[in-house]
Structures are given as structure tokens and as C-alpha cells.
Amino acid sequence: MASASFLGLLVLVALVSAASAQLSPTFYDTSCPNAMSTIKSAVNAAVAQEARMGASLLRLHFHDCFVHGCDASVLLNDMNGEQFTAPNMKSLRGFGVIDNIKAQIEALCPQTVSCADILAVAARDSVVALGGPTWTVPLGRRDSTMSFPAEALTDLPAPTSSLQELIAAFKNKNNLDPTDMVALSGAHTIGQARCTTFRDHLGESNINSTFAASLRGICPAAQSASTDDNLAPLDTTTPNTFDNAYYSNLLSQRGLLHSDQELFNNGSTDNVVRNFASNPAAFSSAFATAMVKMGNISPLTGTQGQIRLSCSKVN
């Protein structure tokens, strides 16, 4: 029979193991104290060169977390992987910026900072660089050794999603509630979308007719290889500023995507949209809260996964 002291030791080990599996904002304070400033400088430089890159880096983190958790699986450059699925093909960008950050950090602290954590911090720093709120990023994620293309096809919300589909998709991920979902959708206050993602919405009844007509110039009703990849800003009011104009646009039926306008279309989230449209501080607070919650989706911790030397491939 085990002694009381041995049982006590087992309990202590269990408690330490449980604690080590929790993310912490101070995770790299000793092992790589300059990691955060290195990421911030690189993100600021990239966004200064191209404002759209801020939206791209934020989106990379979202597309990572929604597919099997925040594990950098989306960064694996595998022809059969997530990058080459329909929701991500011709859509995700910013891989070079992440690779550049990783190379800088590897030079400082070899095999210490995960690509998954770099993504999470770069997303936050991108939002700040474009005038949005900041938040404390919990750290300690590790990197996946495989990609999950099947989940990318099923778990990433489509631009054609209904409100019910959006609510269900977010609830399936760390119980993100409808307010979290509407707040995270506010990421569409920056960035651009391809014609193929909003062409059909231009012919729907719940879009401002003048707005729709203005977009037909770059996105005609007929499919065409010459126009399919044409871009339009998700927020035409302040496309390169992270603010709450996205929600004001929805109030006047100027949501670019079908899924955007679904948030304000005589449904259960109408009042949340109204609140965020009239109260910038409420949106900023809800967005920061939801980003931390999203960043906690099924992270690999402890000895799970690995710390990749290169974000695009497993060690």
C-alpha cells in the first residue's frame, strides 16, 4: 500500500502537471525575454509597409485556432494540408512575415518560442498597429506535427453562413457565445475579400442597393477568371483602421459578405450589433475578451507537439 507521503507526492505532481498545462502571459519572460518586442517590431514594420497585412496576420490566427486548436497547423506548407483547402486557398497570406519573425526569434532563443504563440501575439500586435485595442496574450502553446485539412473544410465558417450556422460554429469552439461571435466578426473592420466570396450577396435583398451597385464594377454578376480574385474592403468606411465602423455599416445594410449582414438581419444578434455600433468601448472590450477565449481553443502544452524550428514544416 502506498505511503501517505508518496500519495502526497503524486498529488503534487498532478497539480504541477495541471498548472504547466495552463497558458501564462509570462511564459517566455525568462527563456526568451525579447521575444515579444521582436514580434511587435516585425509586425509594425510589415503593417507600415502594407496595412492589409495586419488583417492577414489576424486572420491567420483565427484560421489556425478554428481548425484543431491554436497549434500553428495552418502554417505547415503541405500540399495536402490546410493551406490548400477551399477556405484557405488564394485567401490566407502573411506566411512570409511569420517566417521572418520566427527566424529572428530562433537567432535569439533557439527552439524556445512556438509558431502558435508567434501567431497569437502577431494577431494582437496587428490590431494595435491599426488603432485597435490591446490585450494580454496567454502564452505557452506548442506546435502541431500535422495538418488537418478535413477540419478546415468543416469547421471554418463560410461567407455564405446563416446566423444559426455562425452561432453553432463558434459554440463548437471553446463555447464562444453569440456575443463573442459578433465581436470576433468585427475583425472585418479591416482587410479585403475576394469577389468570389461576396458576388452572390450583391444580388440579395438585404443589401443597400447603392452599395451593391458600386461593387458590381469590380465584381460583375457573371463568374469570370478575370474578376473572381478582385478585392473589395470589408469595411468601406475606414478600411485600414481597426474601429467599430463595421457595425455601423451593418446597420445600413452595407455588410460585404452574406455572413456579415446575417449579424444584423432581424435576428437574435441585432441588439449586439447596435450596441457595438454605438459604443466603441463596448466593442473593444468584447473583442479583446473573445480573442483571449479564442486563443485558448485546444492548445498543445507541456510535452505535446513540438517547438518547430521552421513554421512551415515539422522538425
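Glycine too: its Cβ is placed from the backbone N, Cα and C atoms.
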### Task
Please work out, from what TrEMBL records, which of C109, C115, C195 forms the disulfide with C32.
C109
### Query
Going by TrEMBL, which one of C65, C70, C115 is joined to C311 by a disulfide bond?
C115
### Query
So what sits near D235 (Ca(2+) 2 binding site) in its own chain, CB-to-CB under 8 Å and at least six residues off in sequence?
H188, T189, I190, A245, Y246, N249, L256
#### Entry: Least surrounded among the binding-site residues, given as T189, T238, when other CB atoms within 10 Å are counted
T238
